[in-house]
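Peer 1: What follows is a structure written as structure tokens; I'll ask about it next.
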Amino acid sequence: MSVKEIASTSTPVLVEATSEAIVSQIWFKTDPIDRPFCYRAVQLQLQTDSSDQGHETAVEPGSWSWFELVIFEDAHTDKPRLKDGKELVWRSHGNRTDPLDLKTSIARNFGIVFDRRQDLLDALEIGNVVGVRVCARYPGWVNNARADLFTPMSWTLSSTQDTPEDIPDTIQDGVYTLVPTSACQVASLTQDQAQTIWFTTPVLDEDVIAKIQDLQLFTQAHGNQGEDTTGVWTWFDLVILATPEATEPNVKDGRALVWRSHDITKDSSEHTEQTGKLFSLHQQDLLSFLQPGNVIGVRACARFPGWQLHGHSARLVVRISNIVYMGSGPHRAPAKPIVDWNGVAQSNQKLQAKLEEFLDAATPKGVEAAHSVETTLLGQELRSDWQYGAGGKPLRLLSLDGGGVRGISSLYVLKAVMNKITGDPNAKPCDYFDMIAGTSTGGLIALMLGRLRMSIDECIEAYNTLASKIFSAGLLNKIKDGVDTGARYSAEVLEQAVKDVIKKYSGSEDTPMRDPVDGCKVFVVACRADDLSNRIATHLRTYINGNVEKSWADYKIWEASRATSAAPTYFPRMKLGDYEYIDGGMGFNNPVLLLMGEAHLYYGFARPFGCLVTIGTGMAPNVSLAPQGVELATNVVGAAVLLEGMATLTTNAEHANKLAEPLNAVGTYYRFNVGKKIQEKRWVEKVEPDLFSKWFKGEKPEEIEHFTPENWAKVTIELDDYQHMPDFVRLTQEYLKTEAVATEVTMDWQFVRSLCIEEHGI
């Protein structure tokens, strides 16, 4: 190929930096620009044969060896021309550092193609000259410039057939710099990911793909963060697209061909350059997925309300081999996946659909369905650069329903289960379950067992003490509290009782939710009360879930306990930060589906469930939802009877169970709920005749075996009936003896036991 040139040199220049200051030297200049060139030139490109210091671990990371094009007023000045107070200087390209480079590794670098879409050509005036400036910065960085060509031609990645034919054997690589022609901006308004393709490579043919050695993205960008958030939710991806016009990445074996380049943190600035990950043949799979006709795109992304990404400039630097090796050809084929990613995606879709159904059922008719951030995130794309927990040990999960003082039942059920798993009556659930979730009093139990690491017997003792302290307030105290808050019981009494337990087992009543020990993870569910027509299931965690915007892990244990157990008509709402919370049982009484979603997000979509134990407390909470400040008498009536529409304000725990069970593999899902037996009148009469007589005042079972919803209020003890907790314990113990339950509790737990053997030696 005949190569046209504006200017060139073969006189070497070496620039070495010794401090943070930029060191530069004018390498050469063009002749003065004449009128024909000034008005007719359509593009310019700088080509250098050059290198940096080679791979050094001790130098400042980034790209600090580069070349600039500078416009001078004339041939006699060395000061850049100014326009609108700004120096007319443009970065052409940097020296690429291959991890295997030596100081003597010279590459042919093809800089940015400056065409009429950039402002360099428009800034040129007759008589100006263009200079090439060699630059370096930070100690150890070197710019070793050997030869230079400044030309009105251009070379891109469209085909290596068009590269100059005079590349000497000493030049091992060709390096191309690709840039966008405009800035980009992306803003997220919801929990979903917002994204846009900023720019792409040219279409890649088979010859180019076979020679690509690595690529790296550099950007100058900044982001705007949402309020009161954690994490970084603005970033750049490299994606493989079928065509330059495509907006969605290719999908292979169920995963999108997407790889994260780098984050844009709150400290990122448009005035500094951010360095992306180096994608090479040896370190990443991106190159192995390329097919002829594909392009590589730069994708700007933001997630969660308030997050924005502003991309001001960028350069995608691609290195190809100029040496034809024996047996060279297409890159190695991608490894065959060990995970059925299509199956994982389908599993996520099914869980998301069931969660949406669950949340919809938790919402009164005529208003927007309740929602959760975690449910939304289950619909995200599966990326090729994440393994999503593949190969990890099967998870052991525990879900605890709410139910006021009836929560004592779940502790006795759990004790029977733990005894079968471990054979140790003193075994602590926190040592055997990876994650525990609870709602309302189930949340209190979850925190005691998981965060405070209490044994079940310790928890039973504490639970009985809590119930007697909380629900034994005198009538005058209850009424005084209720006039102001619409609640029957004192928030102060509840808070102090919980604080006493926390102090006993942690040393301080103000112990934070966030657990310094990387062990059993716990979250409790609370319901945002600021707008009950737009309810949000909120997870208050003892850990940071890096896959959600807010983990709510910086509250104190007692604060989270109050939030999850603030049952309307029983306790006042709990304000945490800018939000008021009510009992998570108001819609989310059985958190099993929320637990499944949380476990998938935290541990990875491909991490299997070894066992999921979910324990009920007898029935959904029989409380009505009264606004803050409604007088006590109104609330007592609302809590005593089942009003029309009650089912729309509380979630039937067994409905969640029916949705969750089919989503789990056979032999991994175990549901225990004493209420399933209490529904049978004859069973109650048989095992506890005195209790049956007390409940139904001598009624006969007649022909109907099961209670109707209208009779449900008569069944079991009230949420606050702590004096009859022993009755409920006896029913639970009888329930555990029934044939079906006994079979399930004493079933072959060999698989579950095997999950614990390595850790505990049981």
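Note that Cβ sites are derived from N, Cα and C of the backbone, with glycine treated the same way.
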Peer 1: Looking at 60-65, 96-101, 168-173, 402-407, I want to know which stretch TrEMBL calls motif 'GXGXXG'.
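Peer 2: In TrEMBL, residues 402-407 carry the label motif 'GXGXXG'.
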Peer 1: Match it up for me: which of 8-12, 328-332, 438-442 does TrEMBL list as motif 'GXSXG'?
Peer 2: 438-442
Peer 1: Could you tell me the mean pLDDT the prediction assigns to the domain 'PNPLA' (398-596)?
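Peer 2: In the predicted model, the domain 'PNPLA' (398-596) has a mean pLDDT of 81.
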Peer 1: Within 10 angstroms of the C-beta of SER440 (active site, nucleophile), what count of other C-beta atoms is obtained when all protein chains are considered?
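Peer 2: I get 33 for this one.
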Peer 1: Quick one: DSSP breakdown of the motif 'GXGXXG' (402-407) into helix, strand and coil?
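Peer 2: When I sort the residues of the motif 'GXGXXG' (402-407) into the three classes, I find 4 helix, 0 strand, 2 coil.
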